[in-house]
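Just below is one structure, and these are the notes that go with it.
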Amino acid sequence: MIKVVTSEERHTARYGPVHSEFSFSFADYDDPGNAHFGCLLVLNDHTLAPGKKLESHPHHDLEILTYVISGTLGHSDGSGDTRILPEGSFQVLSAGTGVTHAEFNPSEQDPVRYLQLWFLPDRRNLTPSRDDRQVTREARIGISEPVVSGKGNDSRLRIHQDVNVYVPVFTDSREILIPSHNRRQHLFLISGHIEFECGNQQFSLRPGDAARIQVGHDLKIRKTGEEQAELMVIDMP
């Protein structure tokens with residue numbers, strides 16, 4: 001089964017300086033029929049205004065992935081560790097037994113757009129940890145290798161869940177193949193336009209659209225239109 005969720009079907013929220021688009025139930029958006037997809041609980045598309053900060057807040061037993069699409073995001077935790085994440089940065093925060101953290105925009109001129117995803121961990125009560133790295137758009141052109149994986153290595157951020165997160169960039173009509181292994185897949189189109197084939201079915205996505213594939217075939221993905229396209233693909237049990 002493949003379900004396409006359009007950008008317009010997301011829940012729009014504004015809390016002070018942050019504009020958000022929620023793909024799943026979150027905060028005051030409560031939809032029991034849209035609470036999660038597999039182990040993916042949250043996919044929020046945030047834009048934080050220049051020079052603004054979100055209040056520190058706690059988490060536990062979550063794997064939190066943040067991807068900075070444009071601008072620069074500041075991130076601080078309860079230990080006093082503050083990091084500046086430039087465009088193209090990925091961060092995995094394992095909340096484990098409990099953390100507090102806050103995001104802020106260090107730029108006084110430019111907004112920052114970032115995705116934040118929450119996954120259930122593969123086990124509870126982990127020791128909290130955080131790791132980040134920058135993987136530029138240029139480094140991801142035509143690449144079908146995960147940037148975040150439960151099987152972390154020198155080129156991938158490690159996450160405590162059996163997931164693989166791909167974020168390829170398409171600059172021409174060449175096709176990218178992402179294997180399914182008979183697992184769930186969640187696609188979220190960050191920018192541009194794409195079409196993809198899954199088995200004998202073909203679909204098109206616009207910016208902000210998503211596709212939820214319960215048990216799929218290998219994905220054949222290509223961009224359409226003149227502009228570049230950037231896509232997030234999450235492979236999960």
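For all residues, glycine too, the Cβ spot is worked out from N, Cα and C.
Per TrEMBL, domain 'Pirin N-terminal' is recorded for 15-118. Counted with DSSP, the domain 'Pirin N-terminal' (15-118) comes out as 3 helix, 58 strand, 43 coil.
Residue environment of E103 (Fe cation binding site) contains 22 other Cβ atoms, counted within 10 Å of its Cβ in all protein chains. Residues or ranges marked as Fe cation binding site in TrEMBL: H57, H59, H101, E103.
Look at TrEMBL and you will find 147-236 tagged as domain 'Quercetin 2,3-dioxygenase C-terminal cupin'.
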For Fe cation, residues beyond H57, H59, H101, E103 with C-beta within 8 angstroms of the site's Cβ centre include exactly L54, S56, P58, I64, D77, L93, V99, T100, A102
Tell me the residue counts in helix, strand and coil for the domain 'Quercetin 2,3-dioxygenase C-terminal cupin' (147-236), as DSSP assigns them. 0 helix, 51 strand, 39 coil
Among the binding-site residues listed here, H57, H101, whose Cβ has the fewest other Cβ atoms inside 10 Å? H57
Cβ neighbour count (10 Å, all chains) around H59 (Fe cation binding site) is 17
Please give the average pLDDT for the domain 'Quercetin 2,3-dioxygenase C-terminal cupin' (147-236) in this predicted model. 94
